[in-house]
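Here the structure comes first, spelled out in structure tokens, and everything after it is commentary.
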């Protein structure tokens, strides 16, 4: 195929969507809504970025970086007009499992020379975890880029909605448990591998006697205030032009109170600590670390893409435009690979921020770019003001925002009534994610989901149809009479090579008592009959095929 000028231009514009839609941007109609939306979402990025950095086991400022660089890149290369990319709880907890596994406390214990006392070299540990988070993020971005370049966007079709929702619900349990140490002011041992969640819960329970009272009071007060404010927000949602930024107000008040009463010194409440102003220069990730994190990076690539494309397609369908699945892979791959060089951690999109972006009038990617401008202002001049913010407040913000994921438990009752196989996929995905951790749990869940697809095609439901008198409607022969001399066979499974012989055998068995077969629902059955008749035993066919006409 020749690469003509118009075709080359089309390929270039499809690779950089900004060049296609920005010249056509309806400024007067959209600019005000995008401006209000961008500021609102930018304000949300501040508490969420800092909070989700705790999940990733890196300093809060790196959550702010992750809410800036990737957004600018998605603005240029993304195709969804409405999703809000940036930090996301599930991705952050997956990053945290990698950083804590590869940089455990035991590797940074320093023994003093004059006594048997020891301490953890926190500075060295933090630097190592930052390098690990950046490396696994960079590698996940490379995976996404490669999948996008080979047009592998269809892979999302294997991540069914029950699987995605069961997975995010299971991951939410990991997120919640990981924040208990900050809410109670305790220091449980870190566990990795299968059943680590169970061990962590048991360890937390055993340490509750040593709870820091000051930290617990901060957590309880923050929970009460946040939950109450969110209820007020939901009640006044239709009357307010923009939602009340309850998380931002919470961290401002908490920081001021913590600074005024010196929570860190007087009550030993753990605070955020130093937040450097300005931006980090780009650095290449530590390639020597990548051999130990290939599986983690691939899981991050798949989960991040699956969540983003699912949400993107939902709103694209609602608002009447198309999201390019392969271009989304490339856009997210660039967000993560370039973001990894700026010490960001892996991103996806957030349902809560996306809903705020839409409800406040956001109509295009301009809203995302403006939220990045808000983050730039915070990074340059405002971020250092939050150094006295208690970590317990961020932990509470994370756990309160999980309520949307926990509402997904109601899926089980709905699936029980509509599709029990999908319900089984949901439950197994949830259980595997909780017990095996998010990375291994994802792989096991996808394998289980594929098995259910295989079983559905290998064990089809089938029936013979009769005609409803006076209509062209056909229903099972148990309810309506069959047309004399005619058999109509219906199968619930799509016909393909793996189940063709099974369906043929079912058809032949039905021919024991019928003379003609006029119609079979899946129109390729005749082709597969011709292909596979030879594979059936000749003796079984010879007795039944005499005089049978297949039309």
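Every residue, even glycine, has its Cβ placed from backbone N, Cα and C.
Predicted automatically and left uncurated, TrEMBL annotations should be read as such.
Feature annotations, reproduced from TrEMBL:
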type	residues	note
DOMAIN	33-429	domain 'SLC26A/SulP transporter'
TRANSMEM	50-77	transmembrane segment
TRANSMEM	130-154	transmembrane segment
TRANSMEM	197-228	transmembrane segment
TRANSMEM	240-261	transmembrane segment
TRANSMEM	287-308	transmembrane segment
TRANSMEM	329-353	transmembrane segment
TRANSMEM	365-382	transmembrane segment
TRANSMEM	426-455	transmembrane segment
TRANSMEM	496-518	transmembrane segment
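Using a cut-off of 8 Å between Cβ atoms, the transmembrane segment (197-228) and the transmembrane segment (240-261) share at least three residue pairs, counting only pairs 6 or more apart in sequence. With Cβ pairs under 8 Å as the measure, the transmembrane segment (365-382) is packed most heavily against 50-77, out of 50-77, 240-261, 287-308, 329-353, 426-455. For the transmembrane segment (329-353), the partner stretch with the most Cβ pairs below 8 Å, chosen from 130-154, 240-261, 287-308, 426-455, is 130-154.
For the transmembrane segment (426-455), same-chain residues at least 6 beyond its ends with a Cβ under 8 Å from one of its own Cβ atoms are 90, 93-94, 97, 158-160, 162-163, 165-167, 169-171, 173-174, 192-198, 295-296, 299, 302-303, 411-412, 415, 498.
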